[in-house]
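Residues or ranges marked as ATP binding site in Swiss-Prot (evidence: sequence analysis): 255. According to Swiss-Prot, the compositional bias 'Basic and acidic residues' annotation covers 140-150. Positions annotated as region 'Disordered' by Swiss-Prot: 130-150. For 12-22, the entry in Swiss-Prot reads motif ''HIGH' region'. Here Swiss-Prot flags 252-256 as motif ''KMSKS' region'.
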């Protein structure tokens, strides 16, 4: 690799959300720049004015920052090579294109779209590469000027040299393209709008980019870009084309596989350090060993572009969620409690909307249901209790059903509970347990609940799962879940709070269960 100070860039188009593939490209550029002590540049490629939107640009910036990816130069922080937004330098692209025409390295093409379609169709019929046949290559410059002056629209095409185009790729090695399969590319449309393959070269050269790290879907664009660098008299940067990311079915990763955008993973409750850790391992591996857990600072230290593989990477959702579970467990309790509040709020909003018969309820209608220290503290404790069993934070409401969704009739009808409820000793256990709970007048503590269970054990002679499973079903609706010594006090505390969706106390639950069972 070059000895020049590294200048790497991520250049997204603000035409949609940031997806896994582009996020990996951004991450690898960032890791490489930071590992090499170089400069990270963010450039917005928004020449597609019809599809580019400010909201997408802001979302891109937000997602990158959420991932921990920062930049030294960009549209929001400035830098020595402005502007960092392509739409602000259209005139620059036109000037360079006209210079190429003046030097005979490019020419005006007057072929209509119908002509181009006909060329392509015939080439395919003849089993030839469907490249532009060079119809306007020989048009005399004076004739081209006359036609343009008369109002005829013309695009500008680069003259591809009549020789193979070669370049070295850090991932793929030495690459060669025959000029017989590379068309003279349009660099400036007849409308005056420059095309991607052209503007990216101008920008990379003017911003002194030393390494172009991007997806291998751009590999076929590279010979045209190399030819442009040479025609413009600029140094060709080093290239590293990252492998394709495939879904579990070995097809190109897409929405049909599930979440693919960073915004969606964020909403699902995937932590940034988990996503960064996982994406970094898509097509790259550290030197030696089988280690899988890497903090961002460790990734920076370990990252080496030469260890990026050209083989496709498989996106394993379960592996990502396994990593996320690891990072959730390692995260500070207060941080997870703060993040979890979003999911509890959304759950409560949905429940209230369902209760009042509305398909959707704005958060303002919840009247700040948890705007109290007592509710905050209780939710933090609930989160701490159930979060070890989740892979993503959006699973919290499902685990929280033990507090908010107690339904005795549903518990009795649940086939998973059938074997326990039909056991010979269950009736005696539930009768003794129900009687004792009914006689309690104060909220149950962990110690008092344990004492009651021991009394039932002594009275009935039943122990182990034959004792605990029926009691758990009566209290929670299911025969598995958190330990009673932590669960029962939280149920009782929740029942004492003024929540819009009430938490039933243990006494209320057991009475409801007994009534439904009789």
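Easy rule for this one: first residue shown is 1, then count along the chain.
Cβ atoms here come from the backbone N, Cα and C positions, even for glycine.
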Open item on the list: Should anything in the same chain at least six residues away from the motif ''KMSKS' region' (252-256) have a Cβ under 8 Å from its Cβ atoms, list it; otherwise answer none.
Closed with: 20-21, 244-246, 315
Task: Helix-strand-coil residue split for the motif ''HIGH' region' (12-22), DSSP-based - done: 3 helix, 1 strand, 7 coil
Task: Average model confidence [pLDDT] within the motif ''HIGH' region' (12-22) - done: 95
TODO: Please work out the number of neighbouring Cβ atoms within 10 Å of the Cβ of the residue listed as 'ATP binding site', leaving out its own Cβ.
DONE: 10
Task: DSSP helix/strand/coil residue counts for the motif ''KMSKS' region' (252-256) - done: 2 helix, 1 strand, 2 coil
Open item on the list: Quick check on the compositional bias 'Basic and acidic residues' (140-150): DSSP residue counts for helix, strand, coil, in that order please.
Closed with: 9 helix, 0 strand, 2 coil
